[in-house]
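According to TrEMBL, the protein has these features:
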type     : residues : note
ACT_SITE : Glu364   : active site, proton donor
ACT_SITE : His395   : active site
ACT_SITE : Lys519   : active site
Amino acid sequence: MLIVNIVDPTKLEAWQALKQKAAQFTPNLREWFEQDPQRYQKFSFDAADLHVDLSKNLVDDELVELLTDLARQVDLEGHREAMLRGEHINVTEDRAVLHTALRLPADAQLRVDGQNVVSDVHEELARIYAFANQIRNGERKGVTGKLIKTVVNIGIGGSDLGPVMVYEALKPYASKGMDARYISNIDPQDAAEKLADLNPETTLVLVASKTFTTLETLTNARVVRGWLLDSLRKVDPEVDEAQAVRSHFAAVSTALDKVEAFGIDPQNAFGFWDWVGGRYSVDSAVGTSLAIVFGPDVFREFLAGFHAMDEHFKSAPLEQNVPVLMGLLNVWYTNFLGAHSHAVLPYSQYLHRFPAYLQQLTMESNGKGVRADGSPVTYDTGEVFWGEPGTNGQHAFFQLIHQGTRLIPADFIAFANTKAPYRDGDADMHELFLSNFFAQTRALAFGKTASEVRAEGTDEAIVPARVFAGNRPTTSIMARRLDARTLGELIALYEHITFTQGVVWGIDSFDQWGVELGKQLAKELTPAVGGDESVIDQQDSSTAGLIHYYLEKRDN
Ligand code: F6P
């Protein structure tokens, strides 16, 4: 049963008003900045420790009014309250959506379906921290008595992308002598590469799967278990199998019965709940590899960062609510100005996996064609999120953002401090780096006119090619430094942006039925790929032809 009102947003007054505005819209960021010296002050905000400048977006006062009207008309605040209260807003799976409860402080109270979920969360966190500390201080060792140094996390989607992104982002904070590796793909070359130089005696394998049924993860877990036992036997032929698995395997799941059936000691299994979506789970037990490698204190800071952004999202007025405004601007670009994609460009090499992480968060959440009540949408939903760290992207795809024919709103992310304060002679390398960050959003916003190009003495024939139209919208997100807290804030920011867009579109942002058909067909096709002609015969000519090509070309 729907507990929140799902409406067709195109029928709302605010949507129609936005449509009218878009029809007459002639943005001119040069003029807007010249006419209003306060534009930066007006459109930049602090949300927790993040400073977010929206002023280089195609936005004016009237647009903020119309977009926040739209938010009110779809009852964004009511939906937000329903989510935070633990109502079953994931209607197609009849589940609460409570990733925000994962970061509530221990003294908070939240009863959902009769249960105080905050105490459940903190009990599990205490178990994870105790386990992490035992590994870190050597109380828990490998079966041959050696200290654990490497955590191998096996998982995919939400059970991989979050942890690997955070591990990469916070690498300088990893405890000395500890590292993590992440195996996700069922392509056997992934496991092969990650295991190649690994010492089994000092390795802990963490199998992470919300459902504990995912083909890729369970296959990799069995393969790695085989590798671990074989390699340990080379060190000690007498090694006890059960003892080895107990010492070297742990798991994270909502299905603890399945973990036990797999042979993992329940003492080494950490749970979470069906109200945590996979792509919203990095701050649950799914982050256990992070708690081990960085330590519980860093993980606590990470959670505190999420919570600080949750508080902003919960309490800031819509007109100053950063995730709400960013989500509404995305709706503006997608539904009224025709944007199809959204670039995320971290000016921090440590955030190199952040765009990939956001792809699952945003696209698995908002790539939907029907509303939560089953009615088809008649407007675009979920944009394609993509990106790479700057400055690398500048030398690759930025050309299209600057001068291409498509509108690509872009988020630029940068930090005032670096973990690597190198100098090149007199030049501070971080300053060179940040000059690029500032230069790009300026170039995108204000462009370069034909007369400016001519004034440089450019040959008339190539003037058009050297003109930059400008008015390409960007958001700049800055913080003092990239650390566990600001990273938690950044992730929560995008979670709430995604939520805001989903509410406007009336869709269920928390299911993912679109990934099911492929899984089902892969299972059906496995015998065909093994050469079963009776199954190949049932396929369309393309699929059958490709399988035959594979069967002919494979070695033996
Ligand atoms: O197939 C998609 C998906 O269900 C994602 O939503 C999820 O994050 C991923 O698979 C992994 O699922 P699990 O954690 O249950 O192994």
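Keep in mind that glycine also has a Cβ here, set from the backbone N, Cα and C atoms.
Sparsest Cβ environment among the active-site residues His395, Lys519 (other Cβ atoms counted within 10 Å): His395. Distance between Cα atoms for His395 (active site) and Lys519 (active site): 37 Å, as a whole number. If you take the C-beta of the residue listed as 'active site, proton donor' and look for same-chain residues 6 or more apart in sequence within under 8 angstroms, you find Gly157, Arg279, Gln512, Gly514, Val515.
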